[in-house]
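Database features (Swiss-Prot):
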| type | residues | note |
| --- | --- | --- |
| BINDING | Gly72, Thr73, Asn152, Gln180, Ser200, Gly201, His202, Thr238 | pyridoxal 5'-phosphate binding site |
| MOD_RES | Lys203 | N6-(pyridoxal phosphate)lysine |
| ACT_SITE | Cys326 | active site, cysteine persulfide intermediate |
| BINDING | Cys326 | [2Fe-2S] cluster binding site |
Amino acid sequence: MNAVYLDNNATTRVDPAAVSAMLPFFTEQFGNASSMHAFGAEVGGALHTARRQLQALLGAEFDHEIVYTAGGTESDNTAILSALETQAGRNEIVTSAVEHPAVLALCAWLEKTRGTRVHYIGVDARGRLDIDAYRRALSPRTAIASIMWANNETGTIFPVETLAAVAHEAGALFHTDAVQAVGKIPMNLRHSEIDMLSLSGHKLHAPKGIGALYVRRGVRLRPLIRGGHQERGRRAGTENVPGIIGLGVAAELARHHIDEENTRVRALRDRLEQGLLERIGNAWVTGDTENRLPNTANVAFEFIEGEAILLLMNKAGIAASSGSACTSGSLEPSHVLRAMHVPYTAAHGAIRFSFSRENTDADVDRVLDVMPGIIAKLREMSPFWDGAAAAKSGFAPTYA
């Protein structure tokens, strides 16, 4: 039995082409790019090529608008903390209630330790941002608005260009966590109002431990990590050369295949959703089904726990993720689904299936074969499930 991996929003397999490109930089071209000798110059040239590859994927105007980091979390932290330092007289942040913890945890820390005021903008039942509330929250005191490009759990896409323009009307900077969007949504940042953008290599078939922060030319950036002069003095530390090379190759592959792969992956995702809803009652798709990432399906199965579903899926050789998280011994639904007002009976049983270019029709077939039995087995054990009553109820979620 072949394993089925449908957790690509968590991480992706490194593309073999990226691995091949990286290998020489471990044992042959191992110089420090800051060194004056030939070993350093050789590495420096390779880094320049990789930077241009990422620039092309982002549609950035200048390659020096890219600052390499260790990943999305560092990029998010750098952008927000820098804005608070460079935007004189401004000490407020506007963000959404459904951001990644890389943003939300930082905001909570800033509230507690620095007295920063943070406005958390809500979403509707489909995960769409309340634009009017966003506009009202912005003021001359706002240093930065940070809104993700696409949600990691539901795939819902946010209108970041509109949000950036509105932020600028208030004199604030605009940052977007685009970790889930880069490589899945075509970008043209040279014609964008986005000031800063975070990305992470391991979400697009590059290695873990490498990411980047796009900083639009003219936007001041205070480094989070201080030391040497690397990245034009904006991020100290010897460059992760193999990681940067791998990210460059992955970016090049994504740019060349984004349209065809989006079409193919969307078809797989849609077939999975349709098949699950046809085979399993009291289940539905969460998020904005008309405006979301092509690879992401978040399906809520009512009256059972996501953790239990995942355990049985894992035994069947299928990897996905749950909308629930176990924290300090108490099971709580995802903060994203709570913000969307998904009923607890469904939010606890939400499963995210996230595809990549490596997935096939056979993967979908396997999930459709296995999932009905898993859900039926768990519902039989659930004290909240009355199959006969549910079948007669004609249940449909009123919040969708």
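Cβ coordinates come from backbone N, Cα and C, glycine included.
Just so it is clear, the model here is predicted, and its values are computed rather than measured.
The maximum pairwise C-alpha distance among Gly72, Thr73, Asn152, Gln180, Ser200, Gly201, His202, Thr238, the residues recorded as binding pyridoxal 5'-phosphate, is 30 Å. Comparing Cβ neighbour counts within 10 Å across the recorded positions His202, Lys203, the minimum falls on His202. If you count neighbouring Cβ atoms within 10 Å for each of the binding-site residues Asn152, Ser200, the highest count belongs to Ser200.
Among the binding-site residues Thr73, Gln180, Thr238, the ones whose Cα sits within 10 Å of the Cα of Lys203 (N6-(pyridoxal phosphate)lysine) are Gln180. Residue with the densest Cβ environment among the binding-site residues Thr73, Gln180, Thr238: Gln180, by other Cβ atoms within 10 Å. Counting only same-chain residues six or more apart in sequence, the Cβ atoms lying under 8 angstroms from the Cβ of Gly72 (pyridoxal 5'-phosphate binding site) belong to His100, Ala102, Asp177, Val179, Ser198, Leu199, Ser200, Lys203, Gly211. Less than 8 angstroms from the CB of Gly201 (pyridoxal 5'-phosphate binding site) sit Gly71, Pro207, Lys208, Gly209, Ile210, Gly211, Gly243, Gly246, Leu247, Ala250, each of them six or more residues away in the same chain.
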